[in-house]
Structures are given as structure tokens and as C-alpha cells.
Amino acid sequence: MKKKHRVIYFISVLVFLFIALYITTQIFQVKYSYLMKGNNTIELKVDSNNNVIVPDATDIAKFNYKLGTLYWVLSIALTLAIPLYLIVSGSATELKLWLKDHFRRNNLIIILYIFSIFTFLFLTSLPLSFFRGYYKMKLIGISNESLFSWIIRVFKSFLINSITTTFIGFLCYKILNKAKKCAYLIIGLLTLPLYIMGTLIYPLYIDPVFNEFKPLENKILEYKIKDLANRADIKDLTLYEVDKSKETKAMNAYMTGVGNTKRIVLWDNTIKGLSEGETLVVAAHEMGHYKLKHIPKSIFMGALYSIFLLYLTEKFSRAFINKKGNKLKIYSIKDLAAIPIIILYFSLFSLLLTPISNGYTRYQEWQADKFAIELTEDNFSNATVEVKFLQNNISVPNVNGFIKFFRYDHPTPKERIEFSNGYNKFNKIP
Ligand SMILES: [Zn+2]
């Protein structure tokens, strides 16, 4: 195909994907229109023992859950189909030959190849990102973001991710070329320093690209959270509130950083929407992650996980090339054109292994909940905060087992409310 034809063809594919997703979403909206009408107010109900009753899912939350699941299935199909298309259509090889014709320096060719593949995957995922990250959020009424600011956010993340992915991809490619065997082991171990660098760099340099981080406005709340931190023996903790309300109505909080960069970040929606007791419970949960050393443990487990994932990827990629390589003119795993094969198997095994990583983080989240109840002695707020999250994040309290294993890195709200009701009841009534 001529270069000009190829561009027209590619644009047509993007337009086709967009229209197909639009039609699918419209059919879905018509089919489930009866769920879209109700409001999402959840009434807090408590039984005679001061236990919070797990609420029923609201209609709009059911709608959000169903549409979210549909987009999730479509995203899996696309993640696997796009690299497969690059391999089978011969585009992976053509791109390599074109770059070799136009550029001399080998390293530059590798960098441009990886960057082009990343850009291709990014562009083909863009229509679904739009429906998933923008359209759906507007539809269920959780988004505060304008289309323009969504585009700016996507563009910024493209810049950051394309640079980091190209850099890491280049490094992995070099290792794969030099190492005779066990490239997976070297690359897997390399995730350790990469993760550590990420934890050091992200909160200080990347997060502020997207949002504004300010000290907590409510000084009484700040005092009470720091008092809680003192009781948990956490020194030099900084508290920030971040302007997430410009994007979403959803609530969240997280803890990140190490040493004197360690911080608890509360989304401004969280501070506005929760009672003081609930905010303290959320902060205590984050302190739990820190005290129970969840970040270093996750980094270590993450490296083991990566080694296993990369082992499977390398083994299956090699087997695929041995079997089908001649036909596709891809003769070795060291061939640049083999990169989409590696991406395909990497995506496939990442998906198949998600229940393991999700199970691990669900366990850590459960531990942090337990820690929060013990530190605050406030079972009640720990349960009511889940009800507020349900309402604000328009989510359902309970999901089926398959979805839980593949998509939930936190226990379900139902499990968290029931745990808060039952665990070591302190009977503190706020
Ligand atoms: Zn957590």
C-alpha cells in the first residue's frame, strides 16, 4: 500500500471503531433506558445493633456497572486484536523495513519503531477511551470535566507514557538482544529499580502535571489526622488536598512517597462529602498501608509477578516465532518486527494473571481496613464511608465472583461494610 493510502486506511479504521462504539452504546442505552431514570441517593439504614445495613444497588449504579463491564470486554478484545492485526497484516515487518530505508542509525530505528507501535496502539484505543473515560462518565452524571480538559488530560498522559514506554521498551529490547537466555529474569529484576524510581518521581514530578496539590484548608481536620498519625507512630507526614472536583464527583484518597516526601492525598470531593469521622477513617486506612509496608511489599511481589509474566511471554513468543515465523517473515525474537508478538502475549498473560494480583491487593486492602478500625475504634464510620463511596462513585455493592476476581483490586463494598460491622466491635458512636 502507498503511504498516502495507508494514512487514509488508518483514519477510516479509527472512524469505523468510533462509529461501531457509538452504535453499540446507543443500543445499550435504549435497552437499559429504564435504569437511567432514577436518582442515586442512598439512604443510610442501621439495625438495632448499630450495624450498617448493606444498601441495594441503585438503578443508575446497575447501569454504570453493566456498561462498564461491556467496555471492559471490548477493551480486552481490542488489546488482543490490535497487536494480532499488526502481526498478521505484515505491518509489523513493513514498518521495520520502511524505517531501515529512511534512517541509518540502529538505535534511532529501534526508538522510532517502539514509539510508532506505542502511538498506533494509543490511537486505536482512543475511541474506546473516549466512551469509557468521558462519554460514560457524562452519561451517569459523575463527570465535572469539559471535553476540552479531557482531551488535554489524554494528551498529557500520551506525552508522559510514550516517553517512558519508549525508554523502557528500548532498554528491554537491548537486554533481549544481548542476553542469550533468561532475558525475562533480567528485565523482571529491573522492574525493582523502575518501580522504586516511579514511587520517588511520580508524586513529586508527574502528579502535579495533572492536578494542583494544596495543603489541607481545614486546619482542625489536619490537626486530627496528624494526631492519628502520631498514635500510629508515623512521623513527617504531609497532607494534601487535590482539585479532583474539576474532573469528577467521585471520592478517593491515597498515600504515596517515601521518607520526607511521604504524603496522604485526599481528593477535595472526599473532604467535602464525608463527615469528620469518615475522613479520619479514610486517612487511617491509608496510614495502614504505610505501617503494614504495603508499598515495599507490593514492589517486591510486583517484581516476582513480572518475572513470571515475562517468562510466559518470552516462552510463548519464541514458540510462536518458531512455528509461524517463516510465513510472517519474522525469524527471531530479536527481530524488531517481533515486538507486536511480544506485546500480544504480554497482554494475554497480564489478563490471565490479573486474578492473582487482584487477590493480593484485596488482601492488603482488607488489612488496611482492619488497621483503620483498630486505630480509630470507629466501626460505624468505616461502614458508613463505604455507603457514601457507593453513592458518589455510582457503584454497586456486590458483584459476581468472576468479575470480582478479574476487576476488583479492593474487596466489594458489601464485604467491607459487613467486615466493619463485625470486626472487633468498639461500639464508638460518632
Ligand atoms: Zn487502600
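Even glycines carry a Cβ here, placed using N, Cα and C.
Bear in mind that TrEMBL entries carry predicted annotations, made automatically and left uncurated.
Annotated features in TrEMBL:
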- 74-211: domain 'CAAX prenyl protease 1 N-terminal' (DOMAIN)
- 215-418: domain 'Peptidase M48' (DOMAIN)
- 7-28: transmembrane segment (TRANSMEM)
- 69-88: transmembrane segment (TRANSMEM)
- 108-130: transmembrane segment (TRANSMEM)
- 150-171: transmembrane segment (TRANSMEM)
- 183-205: transmembrane segment (TRANSMEM)
- 295-312: transmembrane segment (TRANSMEM)
- 333-353: transmembrane segment (TRANSMEM)
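Residues 107, 110-111, 114-115, 118-119, 122, 126, 129, 133-134, 190, 194, 206, 209-210, 247, 339 of the same chain lie 6+ residues outside the transmembrane segment (150-171) yet bring a C-beta within less than 8 angstroms of a C-beta in it. Within the same chain, the transmembrane segment (183-205) stays apart from the transmembrane segment (108-130): fewer than three Cβ pairs sit under 8 Å, each pair at least 6 residues apart. Long-range contacts of the transmembrane segment (295-312) within its own chain (CB-CB distance under 8 A, at least 6 residues past either end) are made by residues 183-185, 187-189, 191-192, 195-196, 199, 256, 258, 289, 345-346, 349-350, 353, 356-357, 360-361, 364.
Each of 69-88, 108-130, 333-353 was scored by its Cβ pairs under 8 Å to the transmembrane segment (7-28), and the highest score goes to 108-130. The average per-residue pLDDT of the prediction over the domain 'CAAX prenyl protease 1 N-terminal' (74-211) is 89, rounded to a whole number.
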